[in-house]
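A.B. asks: Please find one structure pasted underneath; my questions will follow.
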Amino acid sequence: MSIFQAIILGAVQGLAEFLPISSSGHLAIVEYFFKQEDLPILFDILLHVATLAAVCTVFAKRIAGLFSVLGRFIIRKSKPEDKDDLMMIAAIIVATAVTGVIGLLLKDWVKTIDIRLIPIFFIITGLLLIASSKIKHNKQAKNVTLLTAAITGLAQGIGVIPGISRSGSTISASLFAGLDREKAGEFSFLLSIPAILAAFILEIKSADNLLAGVSPISLISGMISAFVVGYFSLRFLLKLIKNGKLMYFAFYLIPLGLGLSIYFWGFAG
């Protein structure tokens, strides 16, 4: 893998991991056109580490606050104002458990998915973003309930399918469940932390030759690219969520899905 390819793949990961356009779908398409259909396992793992670092950087204060609340709860010194944060922690645990079950059920199928299906899932993601942008609640919830957590965890599990955006599906699910926009965005990205960690652990365990096909400079270049692009992508997306503009990504995903469908089904065999 060249340094240029590493930077491009890192940028794609950084953009698509957070923007509601499906990182796995875009990486699969980029790898296909780069004629590199087996991404080196260590490179893939470290791209996830870089995007995890980006989300932890953006939400550093919030994460520290949640750990502080959890610490007080463990030593039985919780404060009355900790109630909402304790519910957030419980919601993350519930959602992650649901995600794990769905992810395990879909794991083998996702590994062998026909690349021609990915554009169809891009279109589905686009339609989901349009539908969620039309939601108008008279009174949107400011706090995550366990039911909302379970629904959002289900959506995140389905988001392992290439072409189905994890962030798009989780934010949309939270909105459908009645959560307000800012809280839906926050919950989605806090929920991504255990999901990315789990993916990291699974990939490490299943790896045979971590160093195959990639040089140290390519690894570093890809990681830096993924972190920088991911950081600014996440900041940008949080502003769009606040303003209810997620629907804009549908105007990219639907034409992309249609164009790739025509290519794969009509010209690529």
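Cβ coordinates come from backbone N, Cα and C, glycine included.
From Swiss-Prot, here are the annotated features:
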TRANSMEM  1-21  transmembrane segment
TRANSMEM  39-59  transmembrane segment
TRANSMEM  86-106  transmembrane segment
TRANSMEM  112-132  transmembrane segment
TRANSMEM  144-164  transmembrane segment
TRANSMEM  184-204  transmembrane segment
TRANSMEM  210-230  transmembrane segment
TRANSMEM  249-269  transmembrane segment
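Give me the structural setting of these features: burial, nearby parts and distances.
C.D. replies: Same-chain residues lying 6 or more positions outside the transmembrane segment (1-21) and placing a CB less than 8 Å from one of its CB atoms are 27, 30-31, 34, 36, 39-40, 43, 47-48, 50-51, 54-55, 122, 125, 129, 165-168, 171, 189, 192, 213-215, 217-219, 221-231, 233-234, 236-237, 246, 249, 252-253.
With a cut-off of 8 Å between Cβ atoms, the residues of this chain six or more beyond the transmembrane segment (39-59) that come close are 1, 6, 9-10, 13-14, 17-18, 23, 27, 31, 186, 189-190, 192-193, 196-197, 199-200, 203-204, 206-214, 218-219, 222-224, 226-227, 230-231, 234-235, 238.
Using a Cβ-Cβ cut-off under 8 Å and counting only residues 6 or more beyond its ends in the same chain, the transmembrane segment (112-132) has close neighbours at 20-22, 25, 28-29, 32, 161-165, 168-169, 171-172, 175-176, 246-247, 249-254, 256-261, 264-265, 268.
Below 8 angstroms of C-beta separation, residues 22, 24-25, 28, 87-88, 90-92, 94-103, 105-107, 110, 113, 117-122, 124-125, 170, 172-174, 176-179, 183, 187-188, 191, 195, 257 of the same chain, each at least six residues beyond the ends of the transmembrane segment (144-164), sit close to that stretch.
Within its own chain, the transmembrane segment (184-204) has Cβ neighbours under 8 Å at 17-18, 41, 44-45, 48-49, 51-52, 55-56, 58-59, 62-63, 66, 88, 91-92, 95-96, 99-100, 103, 144, 148, 152-153, 156, 166-167, 170-171, 174-175, 234, 237-238, 241-242, counting only residues six or more beyond its boundaries.
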A.B. asks: In the same chain, which residue numbers or ranges, 6 or more beyond the ends of the transmembrane segment (210-230), come under 8 angstroms Cβ to Cβ?
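C.D. replies: Tertiary neighbours of the transmembrane segment (210-230) are 1-3, 5-11, 13-15, 17-18, 38, 40-43, 45-47, 49-51, 53-55.
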A.B. asks: Given a Cβ distance threshold of under 8 angstroms, which distant residues of the chain, six or more beyond its ends, lie next to the transmembrane segment (86-106)?
C.D. replies: 66, 69-70, 73, 78, 143-146, 148-150, 152-154, 156-158, 160-161, 187, 190-191, 194-195, 198
